[in-house]
Amino acid sequence: MNPFQKNESKETLFSPVSTEEVPPRPSSPPKKPSPKICGSKYPLSIAFIVVNEFCERFSYYGMKAVLTLYFLYFLHWNENTSTSIYHAFSSLCYFTPILGAAIADSWLGKFKTIIYLSLVYVLGHVVKSLAALPILGGRVVHTVLSLVGLSLIALGTGGIKPCVAAFGGDQFEEIHAEERTRYFSVFYLSINAGSLISTFVTPMLRGDVQCFGEDCYALAFGVPGLLMVVALVVFAMGSKMYKKPPPEGNIVAQVFKCIWFALSNRFKNRSRDIPKRQHWLDWAAEKYLKQLITDVKALTRVLFLYIPLPMFWALLDQQGSRWTLQATKMNGNLGFFVLQPDQMQVLNPFLVLVFIPLFDLVIYRLISKCGINFSSLRKMAVGMILACLAFAVAAAVEIKINRMAPPQPGPQEIFLQVLNLANDEVKVTVLGNENNSLLVESIKSFQKPPLYSKLHLKTKSQDFHFHLKYHNFSVYTEHSVKEKNWYTLIIREHGKSISSMMVKDEDKTTNGMTALRFINTLHKDVNISMGTDISFHVGEDYGVSAYRIVQRGEYPAVHCRTEDKDFSLNLGLLDFGAAYLFVITNSTNHGLQAWKMEDIPANKMSIAWQLPQYALVTAGEVMFSVTGLEFSYSQAPSSMKSVLQAAWLLTVAVGNIIVLVVAQFSGLVQWAEFILFSCLLLVVCLIFSIMSYYYVPVKPEDIQGPADKHIPHIQGDMINLETKKTKL
């Protein structure tokens, strides 16, 4: 018998009870099929969404790549403050998705939420770019504009984060589930492609272009802002093609309300006379549906496993802060290419694209063939261990860098070098307050001092007496010094005799940049042009310029000018991390030339030594992040997916807060801080492994509700109704 035959179906028709005639509803016109991509089953609308995501990720990661160096070099914050603000911003970017999800689900819907918050996003980029213009106000104005711009960017990027991917999934019909799965793979690829390109390009815009005599941070922030404008325009262009489901209610709020009611109801009924319930969430049964309570139970089981996860993100997100600062102390010359310190971050998205297929197609399959049950939770634990090893390697690299770095003067100490610019040898004797000899040294003419000499003070400031013996002349002079500073004693010709002057070396740490200054022995002022907006004015008769930061590179012909002639100087290679002193002299044999001396030696350790730590932490990220999110989704009911996404992003936010607290209050040297993070994650990994051991994974069908497969018969005084095809 054909069950679908019309005359065999039993249907009970119920007409609405009403005193008025109900007009018949007009038949809805058939839905017009959405256009597809080149005849495939993929909606054309997802092309606009994927391009939008690529441009938005380019905008976000491009801006973030140069953010730490902007704090350090432009706003002149110290390393701890720069790290703290960087991670505070990152944390805010992962708190605001909760707000974006609430707006989309309860009020505006996904489409309008993306449009409106993208406008906020663009405004944040405009403000951030203005904050990087040196001509616009002073440091206070730059700081205020920077914080306002970063707050708007955090609201924009975090607000649209939970909406864009889900909005793309809404464009598919249920019959195209396989195409929808591939769309999410392409979507993830667009994220990493945008990150990969932007973290490579924006450091070049910062370092290779000069604005107002400095690195061009305004351009490095402006180009990502322009890409965000493109993202908004492209997304809006597809408006007529999108399926725009209306807001369905805020499931996140429902979950919180259910949990709060269960806790408060349990507290109110804590009497011993009241019988206990099987689960603490069962105390919400008086107000909420059984299916919602069941789903929240399943959700809390997964959220319990989330408790240790923030520590992993605390390590992973330091690639853009502590590891970038470490790269500033290293030499980026790889022979075939010169890397900027903030360009090392490009390794992470590049290695992610390499490691994901490598792990899925090779490593996991080999482990499976060996008969090892490599479950999702075990993969996450191994990912944590790899991150621990990455930070142990980073600590070893930091220790090696510190051994190569010049020492710093401590309390009641100074470092002194003597520079003899006279025509013959000078014997220098440094006398203390009690005329005891602190330093005796014979220095030849234009001899490069090998190292600074450390002198101890009896107080924070002290007067030193210098006895200079030149030919048959003896010269006595006195100079005042203060602790924790570097000084250069410059000896110069003064007729047939000599004289001296003490120059305080303002900053003997270049933070990976290239610095130089000039001493002019000519009898005329010299103007030196190093390129666009970088120039020096050095006074006559042993005038000394201040240090200026320049780009690393070769300078074979630097243009110089006096009042009556132009000439050029060959400065040679100015390398990473070095501070140079050039003495302009007039030699009878060679004419005007520059005598070169290194105040601070260049960075000797290659930036390639960071490759192992990046490889380890990225492998850990692939095993932890991708596997963890996949496992969490499989363990949570379908109605709780959005809540789970918000909770996952919250673990990232908490991880950045951990870095912020440690950077501000630990007071440890950098290598010790790396070891601290490595040990903390190792302890957390042990705790997570114990929690995983006792966790019993459930099948997806076990956590789904009955889905109203049948309506139970109503008992009591009511007549049992047989439910067939019933039209109400």
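Numbering starts at 1 and runs along the chain as displayed.
Just so it is clear, glycine is given a Cβ too, placed from its N, Cα and C backbone atoms.
Residues annotated as region 'Disordered' in TrEMBL: 1-36. According to TrEMBL, the transmembrane segment annotation covers 58-78, 84-104, 116-137, 143-164, 185-205, 217-237, 298-316, 346-367, 379-397, 646-668, 674-696.
Of the Cβ pairs linking the transmembrane segment (674-696) with the transmembrane segment (217-237) and spaced 6 or more residues apart, fewer than 3 are under 8 Å, so the two regions do not touch. The stretch from 143-164, 185-205, 346-367 with the most CB pairs below 8 A to the transmembrane segment (646-668) is 143-164. Of the candidate ranges 58-78, 143-164, 298-316, 346-367, 379-397, 143-164 contributes the most Cβ pairs within a distance under 8 Å of the transmembrane segment (84-104). When Cβ distances are compared across the two stretches, the transmembrane segment (346-367) makes no contact with the transmembrane segment (217-237), since fewer than 3 pairs at least 6 residues apart fall below 8 angstroms.
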